[in-house]
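Student: Please find one structure pasted underneath; my questions will follow.
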Amino acid sequence: MKIGIPREIKNNENRVGLSPSGVHALVESGHTVLVETNAGSGSFFEDVDYKEAGAEIVAEQAKVWDVDMVIKVKEPLESEYPYFKEGLVLFTYLHLANEEKLTQALIDRKVISIAYETVQLPDRSLPLLSPMSEVAGRMSAQVGAEFLQKLNGGMGILLGGVPGVPKGKVTIIGGGQAGTNAAKIALGLGADVTILDVNPKRLQQLDDLFGGRVHTIMSNPLNIELYVKQSDLVIGAVLIPGAKAPRLVTEDMIKQMKNGSVIIDIAIDQGGIFETTDKITTHDDPTYIKHGVVHYAVANMPGAVPRTSTLALNNATLPYALMLANKGYREAFKSNQPLSLGLNTYKGHVTNKGVAEAFEMEYKSVEEALQL
């Protein structure tokens, strides 16, 4: 199979679809890998590293897309849509439930798109989303602490406090991978941490994991309102695989927060859980203030720590990339149920129910689509 690794063009997206070691594994399996010039430089992988791994370095973006399978990190931007072609396998994060124009382009061009974030194991875990959820979760507490500083627009709160002064209050909505990792760092900074989740069993697990050092609260509108308004930092970490994130924090709740408090919306790439995160921000201009509250809504948080993120992502995605390349997509989907759940569009059809419902499009199961 011929595989392309393009350079990411999203604002300050410094990750790359495969590291040189991943490229080497594909080449050793008999595949041809094209890597766009400087695709890995943001993660401190140079062209010579890829060349030594067996890749062909190409300067033309169009050439790196003219392949059987493209492996990326983030969803394609509009300038990349013209490279879509029938039968192209696109393997990347997509978050299509918040990307109607991209969804339509994939359908129109009959692209076979596989979203990292919807590959799902029998225990409902998300193996290709998990590494970046860990990174984004850990970053969210660090970023929140930074923007609570007065010079960054915050109220001037030190999360850990000092003797005689209360700790900062951190509320995390969602106790999955991102929320759990946010709690780890917030606790490490010395904050007073509360996690809200809808699953009582998960709350019990979190209580055991943290040895009672975090407050675990059932997530419902009343409790969300109560804890949001008294928090210095609120982190939104709710995920419904493939679907838009629920708007759990209303504008009225935000209005009740203290001036200079901070919200971090990790779920912004799926639409966000805060009513007031009505726009996606970038690493160049990461925040805006609304109702006196600092809003951070960067959709590619792990792009700020690309070396760690690329290596972690490569560890997770490479086995699936090898499966697609070695077996071909049809056999790979048939032999691996978790991978088949990653299929979002197939030759003009939407094969993810959450995406179909988001845009009122016709849905076909993977099994139905593969028979066409």
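Note that Cβ sites are derived from N, Cα and C of the backbone, with glycine treated the same way.
Keep in mind the model is a prediction, meaning the values are calculated, not measured.
So Swiss-Prot lists these for the protein:
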ACT_SITE  His95  active site
BINDING   169-199  NAD(+) binding site
Student: Can you tell me how many other Cβ atoms are located within 10 Å of the Cβ belonging to Asn181 (NAD(+) binding site)?
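Tutor: For Asn181 (NAD(+) binding site), the 10 Å Cβ neighbour count is 23.
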Student: Could you say which of the recorded positions His95, Lys169 has its Cβ with the most other Cβ atoms inside 10 Å?
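Tutor: Highest number of other Cβ atoms within 10 Å: His95.
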Student: Give the number of CB atoms, excluding that of Asp197 (NAD(+) binding site) itself, located within 10 Å of its CB.
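Tutor: I get 23 for this one.
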Student: Long-range same-chain neighbours of Ile185 (NAD(+) binding site), Cβ under 8 Å, sequence gap at least 6?
Tutor: Gly137, Arg138, Ser140, Ala141, Gln142
Student: Taking the Cβ of Val193 (NAD(+) binding site) as the reference point, list residues of the same chain whose Cβ is under 8 angstroms away and which are at least six residues distant in sequence.
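Tutor: Counting only residues 6 or more apart in sequence, the Cβ neighbours of Val193 (NAD(+) binding site) under 8 Å are Val170, Thr171, Ile172, Ala183, Ala186, Leu187, Arg213, Val214, His215.
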Student: Distance between Asp197 (NAD(+) binding site) and His95 (active site) at the Cα atoms, whole Å?
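Tutor: With distance taken Cα to Cα, His95 (active site) is 22 Å from Asp197 (NAD(+) binding site).
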Student: I want to check the contact list for Ile173 (NAD(+) binding site): same chain, sequence separation of six or more, C-beta distance under 8 angstroms. What comes out?
Tutor: Gly179, Leu196, Ser219, Ile224, Val234, Ile235, Gly236, Ala237, Val238, Leu248, Val249, Ile273
Student: Taking the Cβ of Leu189 (NAD(+) binding site) as the reference point, list residues of the same chain whose Cβ is under 8 angstroms away and which are at least six residues distant in sequence.
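Tutor: Same-chain residues close to Leu189 (NAD(+) binding site) (Cβ under 8 Å, separated by 6 or more) are Ala141, Ala145, Leu159, Gly160.
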Student: Measuring CB to CB from Gln177 (NAD(+) binding site), give everything in the same chain under 8 Å that is also at least six residues away in sequence.
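Tutor: Result: Leu126, Leu129, Ser130, Ser133, Glu134, Gly137.
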Student: Round to a whole number and give the Cα-to-Cα distance in Å for the pair Asn181 (NAD(+) binding site) and His95 (active site).
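Tutor: Counting only the Cα atoms, the answer is 21 Å.
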Student: Based on DSSP, name the secondary structure state of Gln177 (NAD(+) binding site): helix, strand or coil.
Tutor: helix
